[in-house]
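K.L.:
Just dropping this structure here.
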């Protein structure tokens with residue numbers, strides 16, 4: 001009878017229940033936090049762009065200036081091989097090969113060439129302006145050329161420059177000036193010819209000891225030719241040295257020379273400024289558009305970081321060295337373990353998420369006589385979703401300051417500066433990378449803690465409604481001391497549960513259950529005594545049987561003494 005009673009006690013019908021839980025899915029997304037690595041979450045957002053299209057494109061609808069085989073110097077001076085660049089429209093950036101073939105056809109140098117390239121990073125269009133027409137030099141020959149710049153086998157020269165030489169065995173002082181009334185700054189380039197020997201000097205200029213003088217309100221430069229024997233380049237032992245200046249509005253530039261002057265025929269009015277740059281690339285322009293260009297290809301993204309290439313032009317994310325930057329937006333993804341039953345711990349007491357709850361992050365599962373089912377808590381889910389969305393957008397917005405990083409060039413005399421610049425840039429990249437990774441780790445920690453807190457808050461909200469009308473099962477579930485139909489369950493979920501309505505029924509059932517527990521104690525004691533006696537008797541019978549068997553086959557000698 002006692003055994004039957006005990007069985008009935010253990011197989012009593014479970015009361016109606018409601019449980020608090022959270023969403024789980026089949027996601028394999030992993031994030032890192034300050035304290036953990038590779039935490040699987042239900043939802044995440046990658047904020048690091050890793051891809052490009054491998055193309056050189058128009059930037060915001062404006063094509064780049066494609067120099068082809070020409071260098072910056074070849075374009076601006078007018079190398080005959082660069083005639084297609086004599087007039088160019090507005091550009092978004094400049095495409096220059098690493099080692100362009102057509103630069104200074106007449107061998108020489110270009111002073112402050114790297115600074116000139118830096119100037120071009122803020123210019124989007126030059127307008128060519130004739131400042132010193134070739135026919136104004138009536139006392140000098142202006143048809144000078146060289147086979148080094150030949151066109152179709154005939155000697156030629158830089159299209160935008162004029163090489164002044166003797167005329168009629170005479171070279172009078174050459175003077176020219178230009179007043180900048182264009183309304184914009186103007187780029188002016190001129191040159192000085194350095195002959196190979198004195199014979200060449202007299203042949204071209206008649207004079208020895210010549211000079212070239214250039215002056216503006218901010219510039220006073222006087223040069224004399226260096227006559228020297230040099231190794232031949234392009235068949236020439238002489239050299240040309242080019243210089244440049246920016247002529248301000250309403251300022252005047254004056255040229256004076258007794259020989260060796262390479263005069264400018266054209267200046268370049270800076271007609272449009274803006275973010276530009278020189279893209280070192282061997283590629284060609286393709287039929288595509290982008291907002292961010294790298295030497296490897298275009299990036300089209302709204303993400304705040306990328307790891308494609310450190311050099312960019314346009315509206316670009318920040319470059320970082322990271323391989324992974326993923327923000328958690330969902331919860332820890334811990335699907336329920338079937339062997340543990342339906343419920344189980346996020347927030348410290350719920351062991352697994354519900355894949356059956358698909359319309360919210362947090363919610364309920366109930367079971368009663370009418371059935372069972374899942375229901376999301378829309379209010380807490382929506383608040384959490386809005387909060388996390390706003391946070392992610394804020395992080396992206398704060399870190400998505402459009403960033404442009406064009407390469408800086410240094411002359412051979414500035415290698416120490418170049419090395420220092422590289423170290424500084426590497427240092428900045430390290431700082432950006434560290435900041436980005438730390439930001440992600442901290443935000444992920446906060447997001448997961450935020451979800452844990454929301455689940456616990458929902459649990460506490462339900463517990464405050466139900467009070468002692470239920471029993472806390474310790475796994476996120478409550479068992480009612482009263483019958484709770486679907487209407488009752490819905491009232492718990494929407495926060496309108498009527499505690500007084502069920503208080504009396506719950507009190508009676510609670511006391512009854514306690515009485516059953518107390519009366520069952522005697523049963524447990526009887527069963528314990530019965531089990532002990534039965535076990536001892538069974539052991540004694542078994543030992544006696546073994547002894548009798550051993551005595552009968554001689555294995556054990558039995559002596560009975562009286």
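Cβ coordinates are placed from backbone N, Cα and C, and glycine is handled just like the others.
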K.L.:
Given the candidates 180, 553, specify the residue that Swiss-Prot annotates with N-linked glycosylation site.
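P.N.:
Candidates were 180, 553; Swiss-Prot attaches N-linked glycosylation site to 180.
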K.L.:
Which range, 505-525, 526-546, does Swiss-Prot list as transmembrane segment?
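P.N.:
Matching range for transmembrane segment: 526-546.
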K.L.:
Using all protein chains in view, find how many other C-beta atoms are within 10 Å of the C-beta of residue 488 (disulfide bond).
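P.N.:
Summing over all protein chains shown, residue 488 (disulfide bond) has 19 other Cβ atoms within 10 Å.
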K.L.:
In whole Å, how far is residue 105 (disulfide bond) from residue 38 (N-linked glycosylation site) when you measure between their Cα atoms?
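P.N.:
One finds 59 Å between the Cα atoms of these residues.
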K.L.:
With Cβ-Cβ distance below 8 Å and at least 6 positions apart along the chain, what are the contacts of residue 25 (N-linked glycosylation site)? List them in sequence order.
P.N.:
42, 333, 335, 355, 358
K.L.:
Nearest of the recorded positions to residue 316 (disulfide bond) by CA-CA distance, picking from 70, 484, 494?
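P.N.:
Of the recorded positions 70, 484, 494, 70 has its Cα closest to that of residue 316 (disulfide bond).
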K.L.:
Given the recorded positions 26, 57, 179, 292, find the one whose Cα is closest in space to the Cα of residue 494 (N-linked glycosylation site).
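P.N.:
For residue 494 (N-linked glycosylation site), the closest Cα among 26, 57, 179, 292 is found at 26.
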